[in-house]
Amino acid sequence: MSEKVDKEVTSEAPLAFLASHADIGGDSGIPIRFRTLSIKFDENAQAAANSRSWFSSRRKVAKDENGNPITAADAIRSINVHLHRPEDVFTKFSTSPIQGLETLAVERRAKLGKNKISPPPTHYARKTAGYVFGGFNFLMWIAFIVTIISYEPLGGSNPAPFNLGVAFLLLFVIIVSSIFYAFVDWNASRIMQSIRNLVSEDATVIRNGVSITIPAADVVVGDLVSLSLGNRVPADIRLTSCSSDVKFDRSLLTGEVDPVSGAINSTDKNPLETKNLAFSSTFVVQGTAQGVVFAIGDDTVIGRIVNLSGTQKLKTTTIQKELNIFTTIISCLAAFFFVLSMVIYEVWIKEDHPGYETVSGAIANALGCLTAFVPQGLPVCVALSLTIVARRMAARKVLVKNLATIETLGCMSVLCTDKTGTLTVGKMSVQHYGFFDAMYNADDQFPPKALSDIHQVAHLCNGASFDPSTAHLPISERKTKGDSTDTAILKFAETIGAGEPMRVASEKIFEIAFNSKNKWMLTITKPRGASQREAVMMVKGAPDVLIEKCSHALKADGTVTPIDQYTLDKIAQIQEEWSSQGERVLLLCRRPLEKVNIPFESTAQGALDIVIQSEIRDLVCVGLVGIRDGPREDVPEALKTIRRAGVRVFMVTGDFVSTAQAIARQVGLVTASKIDSHAELREHVKGMTSANPVGPAAHLASAKKTAMKPDLELDSHRAIAIVGNDILSFGESDWDVIFGLYSEIVFARTTPEQKLKIVEEAQKRGDNVVAVTGDGVNDAPAMKAADIGVAMGSGSDVAKDAAAMILMNNDFASICVAIENGRLVFDNLKKVILYLMPAGTYTEFIAVILNVFFGMQIPLNSYLQVFFSIFNDVSMSISLMFEKPEADLMLRKPRNARTDRLTDWRFFLHIYGFIGLMFWISTLSCFFIFMKQNGISASSLVFAFDGWGYSGDSLQFVLNNSPPSPDGVPYDITNSTLIGGLDGQTTLTQLVFSGNSVYYICLLFLQFGGVLATRNRRMSIFNSNPLWGPRKNLLILAGMAFSLSCGFLNVFTPGIQSLFGTGLIPVEFWFLPLAFAFTALMMDELRKLIVRTYPESLIAKCAW
């Protein structure tokens, strides 16, 4: 190869190199800017060229030979490699059609960079602004500004240091919250990226004459890449050879859903329209191909388009949307009460009670409306919870592509599962072989004379091959390349006799790979060196499809006989017998082509049509094979778990109906004694749609679509098996009966289009959230349409791309883990809100209401409110995100995403009518008891306003704590100036400070009881304590210890006492709150006991 050309390729941008070799005029096709491109992005594969921030790193811009920048549109327009002949392409890129690239050339070209699309630019300024002003921080900024104003200028000549201290505390809270938000966001991105990195993308290339598999990122320009069914195209490739039936899914680029066929020669001057180019990130959905890489990474068409398109805004999850609404409501309420309290101060209190509060003091107290109402820990807990669960699932080899998938898993109500490789182990082996007149076990000796024909077809009509490096191993242990069905037949054929001599002596001149639509594979071979007149067509596939194209059948003694009804009946009998044992049955056929003139040299679609329409006929049936793929051992138990969780499991497979039913019974997917067929379905539909509905489906006649689901709590289940062809005739009533009456359904002999139809119809009924598992190209459409696509780790690139979740260990039981964690994240978020709200938006807020509206000295000042919300509450609320599942989590019905919200009336009833009410009574009781011990009754506290310290018990307290008058005459209590100057006023103020601390400490201990009560919805704490056992959560104890240390800090630190208005409290008020907390916990235990014992009671119906 030319050294000069190789240097050109490695020293220039690939597209610039291509543009320099030919000129494409302006009339070469539709201009790029006028093409409609529908681009889909992953959250981790976005880029922008026209919207970078000042802080963003910039990509290296490619330039032409004159030094002018090459725009993305110009670069795509300049592609002309498709206009050259294949042999010229090999010359241009210094590669060989047989040897591929040599190691030295690969090393030089690797200097161009990795085959990766550059990550999106990071808009640091925008992200930082989001951290600083997002969530509840916006309200904190308002509170900070208002507090600063209350200090200066509204503070007058002697502003209160308290206000300045609270302002700095708020600023500190904002800074800490921003850092925490940033850390959680960074940690979430890191975890999700590490999860995505576990899903490797590989490419098969030929280097030094050897076919090897390498990471797709290591592909270089000039690599000779081999593509097969299900592969993602790793780079932009110029096809140099391909099978006649090869097709590519280009929907990523063009939005067109129909696959585009491939070709070797150019079919259009426009590079985006020609069929001899395969573009990066598109998929092979049929056939095989080989070609030379002409662009990688950012220089690919998809890389250029992503660069033009900019960064897509990340999708907001449903829970995040609900919490955004919740946050908005809370913020509006907080702002409303703040404004209302200030209006009341100006209109009423300032006029009627002028000595009650200064403007500065009124603002400081009203500030509690902003701070008390805000559950600061909530936004952090949301982000944290999803990443915790994502990491937990990844540890179990369940990878989610985005966080929205996690919450959707908790709503899953229907699971449509493939059979092969999902319910079964995916390791197939031939169990039986035979002819229409005889059947044999695969491990029997091979006496039939006709076995040589089976041997020939099994070897030559096969897409699998042995790995040469394992040729020394026993046949059963050798590694292969190819799908599991072809592998099973190849190993069976090898046990009959070595196939390598046969393959060496034969030349394959035509092939149509198996696809789910045709349900057969075809090859045409001839003896090497012989003419095409000696060619033989060999076909293997589904008996019910191929038998119609057979005219003769081979007997066990080697004689050929015409097919008659007896032969057809015997073949059908064999198929039914093997299928009922769970085996996949294939028919092997052949036909000499000495009298057929097929234009093999043509790669046009017309040649393929000729073969399919005209030549697949007059076949000789040379035998049948029965292939078994045993069920996974853990599937039966996993299915029981999934069904106990209220999820219906349907089998959707392309296999024969008897095979599907057999496997369904073996794994426990079907438990009904009788499986209905299409005939019974028609009877039920007829009964439902009659003038007077009758039969088991009669209730569906008047049911809404959302209510069409069977009762899964019945001991007996109805089952039905439906064949794909019947789906074509189904109307709405048929689907209503299928999904409304049957809980066990097997769909057999389905095509990709029919699988898609099944998913769409299931989603219309019963408020179903549908998940679809699969591993092949034929599963991809249904997986994309489903609410959750689940791919196997060993599945095709197409399936993995369509999926939202990947089971890396190919373990069906991992779906149980996914469902459980999807429910857990929702459960734990509810617990966090339930924990935060009673203390924050209720008990703290009540303290503000009593001060502003009832003229009472504030029992919990704004400093303690802010401190409690940020430090005490957040520490324990985070521990709730690490809660393990409750015992009944997988026994509940799936959550209805439409009606079962994060918060509802039951939720708020529990917060404000039960837990919050007990907290409010307990904290006020502690405060009133403390004040009573010091001689001030509750009646003297309420509506005191500006009479505080000048009348009633408070006046008496001032007098008792002031020195006697110098002249021995009692003080004149009508002289407010005199009374206001007594030393007892300072003592009274300190008493209120200590009362604040009593209220704060009581609330602190109440939250201990609150967190222990909240961590279980139904279970008793005695069955799920946090110290040991399956639901141990020592983080709760750590949170309690941190919260208690915060309490000591605020009560005993002199500086905090003097600046923020706290004080020492009597020792009994460290223990009295414990009694209240224990009482609240026991009251909740009683409620749970009633709910468990009397599930139909009013209390149970009101339970959250």
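Don't overthink the numbers, they just go from 1 along the chain as shown.
The backbone N, Cα and C atoms fix where each Cβ goes, and this holds for glycine too.
Please treat TrEMBL annotations as automatic predictions, because they have not gone through curation.
These come from TrEMBL:
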| type | residues | note |
| --- | --- | --- |
| DOMAIN | 80-152 | domain 'Cation-transporting P-type ATPase N-terminal' |
| TRANSMEM | 129-150 | transmembrane segment |
| TRANSMEM | 162-184 | transmembrane segment |
| TRANSMEM | 323-345 | transmembrane segment |
| TRANSMEM | 832-856 | transmembrane segment |
| TRANSMEM | 907-931 | transmembrane segment |
| TRANSMEM | 997-1014 | transmembrane segment |
| TRANSMEM | 1034-1053 | transmembrane segment |
| TRANSMEM | 1059-1082 | transmembrane segment |
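Counting residue by residue with DSSP, the domain 'Cation-transporting P-type ATPase N-terminal' (80-152) contains 45 helix, 3 strand, 25 coil. Contact count against the transmembrane segment (907-931) (Cβ pairs under 8 Å) is highest for 832-856, out of 162-184, 323-345, 832-856, 1034-1053.
Ranking 162-184, 323-345, 997-1014, 1059-1082 by CB pairs under 8 A with the transmembrane segment (832-856) puts 997-1014 at the top. Taking pairs at least six residues apart, the transmembrane segment (997-1014) and the transmembrane segment (1059-1082) share three or more Cβ pairs below 8 Å and count as touching. Counting Cβ pairs under 8 Å to the transmembrane segment (1034-1053), the top-ranked stretch among 162-184, 323-345, 1059-1082 is 1059-1082. Long-range Cβ contacts of the transmembrane segment (323-345) within its own chain (Cβ-Cβ under 8 Å, at least 6 residues beyond either end) map to 135-136, 138-139, 142, 316, 357, 359, 362-363, 365-367, 369-370, 372-375, 378-379, 382, 833, 841, 845, 848, 852-853, 902-903.
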